[in-house]
Amino acid sequence: MSARGEDRGLISAADRRRPLVRWTLGSGQVLILVLLALAGLGPILWLAKAAISQPHDIASNPLGLWTGQPQWQNIETAWSRLRVGPALINTVWVALGNWAVSVLVATTGGYALAILRPRYAKIIDGALLATLFIPGVISLVPLYLTVIDVPIVGGTLINTYWAIWLPAGASAFNVIITGRFFAQLPAELFEAARIDGVGNFRMFTSLVLPLSGPIIGVVSLLSIIAAWREYLWPKLVLPDRTKQPLSVMLPSIRDNVQINLFMAGLLISVVLPIIIFLLFQRYFLRGAGLAGGIKG
């Protein structure tokens, strides 16, 4: 590359060699990283501090870096008195069902549209894209009427986790990004498999799925986090308090418990999603670009 090409940009290569410029750039990068770390970790650290504080400490010094007398027993008290344990189990159960149904629908739907490519694939793909422009609140009433009286099959899904799992699986966004990922796989692999007489089902299970780790990681993370934070829909379809997840249970008791115990319950509820993100972050970061770069 020529020197003229290297000089393109806000700061030329020659300017970067100057000590003052290097120091300024380095300091700016460190400052930005520190601010990003504070923005990301600050709320979680404050929540952890509030969870082991006394109520008057939270009210009198909410921005304090540390509490005067840590109340570590708040975590245990919140677990037992607020019944966080059963609600956490419900949340895990909801998240696992969301994950299984979402991954199944996204991979099979994406495989059908991107690899099998039926004649009407473009029509379905366009319809899926169109649904992304429809606000979710518009479909809330029709969806609720559907789970109250399931068409053809009959019966109701109210107070069953299927009322949450099935709508979660019908995610057009997951199908679209999974199909875009499958479309980027080498076509030669599928041509060679068809020449060898491999059927569509075996090609899906033996060829496509082993290559789909990044996009499955993305869909898994999105579906689990969505299940963990969803409030309105579980509240509507799970009126039985013994089946409600943390996202519904905690807001319903916030006015009846001390603020430090409520914060301890919130802290317990965010620990598992953080662990899940740390486990899936490699796949998520590898495939996250697909979520922001969908092509028509």
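Even glycines carry a Cβ here, placed using N, Cα and C.
Feature annotation from TrEMBL assigns transmembrane segment to 20-46 (among others).
Among the features that TrEMBL reports, domain 'ABC transmembrane type-1' is placed at 88-280.
Feature annotation from TrEMBL assigns transmembrane segment to 92-116 (among others).
Long-range contacts of the transmembrane segment (128-148) within the same chain: residues 156-158, 163, 166-167, 172-173, 175-176, 232-233, 236-237, 296, each at least 6 residues beyond the stretch ends and with a Cβ under 8 Å from a Cβ of the stretch. Look at TrEMBL and you will find 128-148 (among others) tagged as transmembrane segment.
The transmembrane segment annotation in TrEMBL covers 160-183 (among others).
The feature transmembrane segment is assigned by TrEMBL to 204-228 (among others).
TrEMBL lists 259-280 (among others) with the feature transmembrane segment.
Taking Cβ pairs closer than 8 Å, the transmembrane segment (204-228) reaches residues 91, 94-95, 97-99, 102-103, 106-108, 110-111, 115, 164, 168, 171, 173-174, 177-178, 181-182, 185, 189-190, 193, 198, 245-247, 269, 272-273, 276-277, 280, 282-284, 286-288, 290-291 in its own chain, all 6 or more past its ends.
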